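The following features are taken from TrEMBL:
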DOMAIN    13-212  domain 'G-protein coupled receptors family 1 profile'
TRANSMEM  12-33  transmembrane segment
TRANSMEM  45-65  transmembrane segment
TRANSMEM  99-123  transmembrane segment
TRANSMEM  157-177  transmembrane segment
TRANSMEM  189-215  transmembrane segment
Amino acid sequence: MGTNSCDDVQGGSIFVSSFTLTIIALDRCLLILRPNKEFIGYNRAITIVIGIWVLGYSLALPMGIFSKAVSFGKICGVFCEEIWPDTGESGLISPSRRLYGLSVLLSQFGIPALISSVCYYLISRVMSTQLERRRGHTLLKESEEKLVSRKTRANRMMIAMVLGFIFAWMPLNAINLYRDLWSTVDSPWFSTVFALCHVLAMTSAALNPVIYSWFNPQFRSAIQSLCNGHRKRIKGKLHTEVHTKLTETITDAKMKQDLISSDCHQPGDQIL
């Protein structure tokens, strides 16, 4: 990046991350609704990945075109700021920038959040229907309780997926919209708040695996077994070290006692 220009790498990566999470939700929804049909094969998956990257960076292209490196008197450093052609000389917000900001809010957050919510709702409904059908053929109370537990766990996981996406991306979109409408980039608090919101949004990429793992009883059992085994190894190691130290102490004490006895009774002494 030069001194007078900015690129759109950051904006493009945000679109790509959001679109990828949406495609994952769609893929899982189709897999649940039509389990016997393959919707996304290898070639189609490659096409989708390329399409996501092309679309993401195409939508972020205006950021790269109209962004310039500028400095602010109240803040130390040089920052990328969108300077649109219809920006007023007095620094008034450009109408084009406001329109673009709203379109980014819809395409990067609003529509993906809506699609993900609908997909996870459909998944939850299908799973509930299947569990109810199996529940009607279940005779054992223990098996019935397991089915209810699976249904509850699945519903909670779907809700966590949607809420995780919303809470991860909402702060960043809110601060961007606030900037596009009122232009507070030169405020002392803006850069810090924006950085925190951006970090929170990037955690969404690792949030889904954590949620899947947390609601997976086999995974939790494996983690607990691993932790318990680690604690047992630590306890065993400490026990061995303490036992070794105690043995060495007792051995040293016996050796000292033997030396004292040998000093008191030299060879040739008469013991009465």
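Quick reminder: no glycine exception, Cβ is built from N, Cα and C everywhere.
Computed from a predicted structure; not experimentally measured.
Ranked by number of Cβ pairs under 8 Å to the transmembrane segment (189-215), the listed stretches 12-33, 45-65, 99-123 are led by 12-33. On the 0 to 100 pLDDT scale, the domain 'G-protein coupled receptors family 1 profile' (13-212) averages 80 in the predicted structure.
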